[in-house]
């Protein structure tokens, strides 16, 4: 039985990793082509390639459920085509035993993916976006998607680029009163974080009154804010690229500021429930092999896997903004597709038995 378990585990692991690497390769090619439109000055092809490579860990975790689905269909499909699954069941190996043998390597791959997503991807993604923004800034080609906006009470802030070591470039602040009238604007070439405090450099501040606008220029100025370099590193990343702890930390910060934290709560639950998403899709793949896809071609199995993956992802992408618009709990946006897949998988397996 141990040899059988190792055989199935090796087959499933190999097919899943093969699909994952193929998807990562296709995504990397598409990303490189997309970055070609931004090449100029300091942002050359090597810098673009480095940006894409640094983005791979985050992409890998995002593609893992899809790769597990298609990989299981391909791996189990190969065993089914050679009548090996029939032989196993004839030898007294139960369907549930085979399901566990398939799930076991997927759980290992999934744990590895979670560790990468939690400890590697946020760091590499932060470096990638920081280096890209700074290179484009030096090329005088900062585009709007690189700007970072943040609100703190009645102050709105914009940063051209954020370095992970606590350096900001192109800091703009807009201060409003309680009636939402502008009080002042400030622009600083750079901000550095030293000894627990921020210091703005090359500052130009405009004080707005009812009668005139008074400009004040200074080489440096202290900046009092609750933002730390750690929070700013979180701010520069999309919620889905943050770690689970990072999403929770920034969501709590936004709530303390009286701001909307729903996008970060949504990403938090999506990442927490990603293992369940993967297991539900794998369960569905197993049920397909024992049920309706038992005697079809490999190409058809992969086509069905791709189709199911697209439908699953589309359902998540529809429910996610719906939870923000209609105000229901973000956890439901992630749970509903998982529950549907799990129920379908169990139903097909029950019929196969």
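A Cβ is built for glycine as well, from the same backbone N, Cα and C atoms used for every other residue.
These numbers come from a predicted model, not from an experiment.
These features come from TrEMBL:
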- 12-33: transmembrane segment (TRANSMEM)
- 63-86: transmembrane segment (TRANSMEM)
- 98-116: transmembrane segment (TRANSMEM)
- 272-290: transmembrane segment (TRANSMEM)
- 302-325: transmembrane segment (TRANSMEM)
- 331-349: transmembrane segment (TRANSMEM)
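Ranked by the number of CB pairs under 8 Å to the transmembrane segment (98-116), the listed stretches 12-33, 272-290, 302-325, 331-349 are led by 272-290. Long-range contacts of the transmembrane segment (331-349) within its own chain (CB-CB distance under 8 A, at least 6 residues past either end) are made by residues 95, 99, 266, 269-270, 273, 276-277, 279-281, 283-284, 286-288, 290-292, 312, 315-316, 319-320, 322-323.
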